[in-house]
Amino acid sequence: MLSYSLPTEALSHCAQPVKQIIPLTKKTEPKEPQRTVGFFQLFRYATCCEVFLMVIGLLCSAIHGIALPLMCVVFGDMTDNFVQSGQQYFTNLTSIYSNGTEIILNTQTKNAYYFVGIGCAVLLLGTFQVMLFLLTATKQTKRIREKYFHAILHQQMAWFDTHQIGVLNVRMTDDINTINEGLGDKICVFVQFFCTFLTGLIIGFVFGWKLTLVILAISPLLAGSAAVWSKILATLTSKELSAYAKAGAVAEEILVAIRTVVAFNGQKKAVEKYENNLEDAKNYGIKKAITTNVSMGLTQFVIFGAYALAFWYGTKLSVDEPENYTIGKTITVFFSVMIGAFSLGQGAPNLEAIAKARGAAYEVYKTIDQVPRPIDSSSKEGHKPDHVRGDIEFKDIHFNYPSRKEVKILQGVNLTVPRGKTIALVGASGCGKSTTIQLLQRFYDPDLGQITLDGHDIRTLNVKWLRENIGIVSQEPVLFGTTIAENIRYGKADATDEDIERAVKEANAYDFIAKLPDKLNTMVGERGAQLSGGQKQRIAIARALVKNPKILLLDEATSALDTQSESIVQAALDKARAGRTTIMIAHRLSTIRTADVIAGFSNGQVVEQGTHRELMAKKGVYYSLVMQQVLPPPGCIPNANPSPVLCFSLLKWPVVKALHFIDKEDESNLPDVPLSRILAMNKPEWPYLLFGVLASLVGGGVYPCVAILFAKIIGVFAEIDPEVKRQKTLMFSLLFLLIGGVAFVTYFIKGFMFGKSGELLTMRLRKQVFNAILRQEIGWFDDHENAVGVLTTRLASDASLVKGATGARLGLLTNCICTLTIAIVVAFVFCWQLTLLILACVPFLIGANFIQMRAMAGHASKDQGALEQSGKISTETVENFKTVVALTREDVFFYKFMDSLERPYKNGLVKAPIYGLTFALSQAIPYMVNAAIFRFGAWLIAHCYTQYENVFLVFSVIIFAAMNIGESSSFAPDFGKAKTAAARIIKLLEKDPEIDIYSEEGKKPSDFAGNIEFRGIHFAYPTRQNVKVLQGLNVSVGPGQTLALVGESGCGKSTSVQLLERFYNPAEGQVLVDGQDAKTLNLAWLRSQLGLVSQEPILFDCTITENIQYGDNSRVVSQAEIEEAAKKANIHDFIMGLPEKYNTSVGDKGTQMSGGQKQRIAIARALVRQPKILLLDEATSALDTESEKIVQQALDDARLGRTCIVIAHRLSTIHNADKIAVIQNGQVAEQGTHTELMAKEGAYFALVNAQVNH
């Protein structure tokens, strides 16, 4: 954009003046004064060599900045030569050939050489300034990423309690990218602009101080208006973003809980909630569009006013002081000062990028500097004994979590674990069992007391050595997104294949791994999503056993397993415990009876210790917990209460997550969308579009008119008569003002019309897309291309991208076509020869301008795609930090992270010279083109083909059009994205789901008994068609009865209930409800008859009242009903004890509540709709014994008079069911009552005995 002449520089600023001054600041949000690092501190990770290179880069950019004002001087001199030739033409026609030809050709040839010389210098300097800064920024950023990731990996656990994982991931990506922007070419570009500003002012004062002062008088007006608009715009932008952020959060919450939403028919409520949050974003968007365009229009008006004033006053000075002021000097002064002033405006956003980088660096550098860390796994300090015996002692341990100082967790724990013995910790949730294990691993240090290992205080031992000698298996095992073998190898870095195979066999995982196509090389998916809970647990056990640890910690290690797997894994664990010091935690007390010592916890203290028999004889804490869990003896008659519970397991939703980014999506199967189809989306807003296009049509004529006026004013100086000169200049100056007024009005109309139509379209599309997403069947959500992150990003970006392809783009096209048409017609009329030459140069100018516009966006951000892999590694590591630390694999993940940075780093080094060259080319091409044009223009004048005024007119009018087109073409990539976004939206809107929740079709029986039958069901999940889950399932349950489904993980228990909910349709067979195929019933009606309580209930981020009300979305649920449901679910008393009672917020996904509290709220939610069928999927498995007993009683009460299907691994919860069906390999192996099946001594008998014996 940086050519010297009127159209290519100053007037191009008119074309997009505020683009440089205002919108570049629009992303800033009003914040509290943020803490920043010092300017030089930002570069603290640069080496001496890099500092030297940056200094050279700064020198290059400073000299580069001088080039533009120098050009103004050459241009002024050249204009004087042309004007003199014009005056000669009028005064001495006869001598024109004798002297004039030679003089004008010689002087213009000399000026052309100046042009070329400055152009070459710019090419060289521009390349070096950008290249050097990008090279040094790439090196520094890589260093910062590595240091920051290393610092995070070696923080202590307490630090993570007070730092949100999401925030750390944002720092790792966005904040360091922001630092990269600040370290990159922004600084040198700012220095270049600043030198242009200084040189422009100096030249202005040297060549004509009076005119310079007059022009400068306008500057405060421009700067002031820009500052005011930018402030308003920043406020509106931040309000718009926060308004949409609310809607985005609503969408994410609903999509994460999509199964809960559809099970409770909550789609309508979800769409309404989303739409309400969109309204504010729309209003702010419209205000922003109007503000942007009004500010651009006003700025244009002020600039055209400046033209008017400068040329009027310049003419006056040239008449009053002809020896000091010629037209050449007037033009030199005017453009030097204007370009100087605008350079300051253009440089400002670069300063802003540096300020943002300083802000982002504060937290990043602070984390890197955080030493000393009391618990540092990278520290070499600490004693490393030669061998571990395994004697552990806890002496008077007091502890509170640093993030919750007011809550006392451990209050004087005394516990001794002799070597080779197994100690089991039991007690209610929250009594401090898991905390004890975390203290032993030195995740935290106790506030008082000490923990010793073999007589050494563990604080004196080397942290890494300590953790390497401890094997841990936790309740929710974390697997990493790699192969099974790699996951196990994280337990021991140098494990051989034999070691891994031995560990797999010990953990009873060998058989299921052998059946997988890739065996140990099978990818487990993100967070192990491709495996069932039991499979993940066994791999985690293998990982703990592979390093043959002396100390084994088992935190609820078998709670997620079905009975069959549990008994085998338990046997494996019993074998693994031999010769090792083992600490176990379990809610399921049958798993710990064989422990050498059992310690009962209560209120943060050990209240009793002894063997199973000793503690049973004591009849204390342990005895009461055991009695609540005991199964009736195998022969006794179960409770005769009819238990009409239809309980179902949703343990393994086949959610296959993958880290997929929208840009990576395969777009080959998207329909091709013509522009007409995209515009049709905006059809309801056609009046706005029509007026907007008309305004653009008028706006298109503004720049050619300005160019013509400019040439005419220069032509006036050939006038000999001073009075004629004054009159003509005054007239043209007033015309400049008039054009400014027209520009302002057209901008305002465009802003309002396109802003309004665009925001209405965006809101409508977002609502339609969200509606269409919620309409899809569950199988569609299982596809990784429709993961929650992908869908929320689409909602945020796709609709607003389409907006860019309709109104504003239509206006842009109209504007360009109008400008180009007028320009070419005018140019050919006045001088066709020069027009042809200029048209030949236009592609170069458009190309240069296009490169420049793209370069303005900053180069550093372009390489972010390459950083996806490192982002994935850092996210996975930070999210699963506890596991990484427990496995002492910080270095493994650190080196993986470093390796993933290598490719983007090398790309960055290769691209730096390319970016430098393209930037320099965009700066240098206009100089070369101008040299050619004016040299040829001089030849035409010398040979009487045209007059000098026409040369200026043709040059101005065409270059202007080129500027306009070049600028517009920089929007082209957005159009490509808009087409893709529109195609995605249309494809989704046109997709008819197989199971349509919005369909009104289907029967709605007036009376419903609750008779359920699965007849000949065959089924495989849509995303895993090769795995047959159900293979001829036949089972039924009568009205008011309870059917219990038991069997090992993956046998199809959960699946059968999902088919009843019609989340999926069976491949073969029928699900019959009261004798009618479920497919023939109205879907919403069917789901309204079902009450669902799943193993891991999802609550919404609202009050307890609203969560319970969600159970019935077809009506307004009264407070009395809510409280009644809460009482039945045994949660009412707890809620009344809270400060806000029923108005207490449960937090995001219910995080403010414990597992048992969430479960009971979920039960109240299911009961409030008074369902005919109750579905309980492992509804009590996540609870401790005491809560379980109470909730189980609530469930037994809730089952009365309802049909019920129960799925439970813990068989004590289902022994009183009317019918128990054992499912194996997708079929019913046997069914009957508890007594009948025990008498058969078949599969059920084996499962029960497996649990009783444990």
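Numbering starts at 1 and runs along the chain as displayed.
Backbone N, Cα and C atoms are what each Cβ position is placed from, and that goes for glycine too.
Quick look at what TrEMBL lists:
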- 51-76: transmembrane segment (TRANSMEM)
- 55-356: domain 'ABC transmembrane type-1' (DOMAIN)
- 112-135: transmembrane segment (TRANSMEM)
- 187-207: transmembrane segment (TRANSMEM)
- 213-234: transmembrane segment (TRANSMEM)
- 294-313: transmembrane segment (TRANSMEM)
- 392-628: domain 'ABC transporter' (DOMAIN)
- 686-710: transmembrane segment (TRANSMEM)
- 690-977: domain 'ABC transmembrane type-1' (DOMAIN)
- 730-749: transmembrane segment (TRANSMEM)
- 810-830: transmembrane segment (TRANSMEM)
- 836-853: transmembrane segment (TRANSMEM)
- 914-942: transmembrane segment (TRANSMEM)
- 948-966: transmembrane segment (TRANSMEM)
- 1012-1250: domain 'ABC transporter' (DOMAIN)
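Sequence-distant contacts of the transmembrane segment (187-207) (same chain, six or more residues past either end, CB-CB distance under 8 Å): 54, 57-58, 60-66, 68-70, 72-73, 76, 129-130, 132-133, 215, 329, 332-333, 336-341, 343-344, 346-347, 350-351, 354. Taking every recorded stretch in 55-356, 690-977, 1012-1250 and counting its Cβ pairs under 8 Å to the domain 'ABC transporter' (392-628), the highest total belongs to 1012-1250. Proximity of the transmembrane segment (914-942) to the transmembrane segment (213-234) is not established, fewer than 3 Cβ-Cβ distances being under 8 Å for residue pairs spaced 6 or more apart. Non-local neighbours of the transmembrane segment (112-135) in the same chain are 53-54, 56-58, 60-61, 63-64, 67, 70-71, 74, 183-185, 187-189, 192, 859-860, 908-909, 911-913, 915-917, 919-921, 923-925, 927-928, 930-932, 934-935; each lies 6+ residues outside the stretch with a CB under 8 Å from one of its CB atoms. Beyond its flanks by at least six residues, the transmembrane segment (810-830) meets 679, 689, 692-693, 695-697, 699-701, 703-704, 707-708, 750, 754, 838-839, 946, 950, 953-954, 957-958, 960-961, 964-965, 968, 971 of its own chain at Cβ-Cβ distances under 8 Å.
Same-chain neighbours of the transmembrane segment (51-76): 2-5, 9, 43, 111, 114-115, 118, 121-122, 125-126, 128-133, 135-136, 187-189, 191-200, 202-203, 207, 328-333, 335-336, 339-340, 343, 923, 927, counting only residues six or more beyond its ends whose CB sits under 8 Å from a CB of the stretch. The average per-residue pLDDT of the prediction over the domain 'ABC transporter' (1012-1250) is 80, rounded to a whole number.
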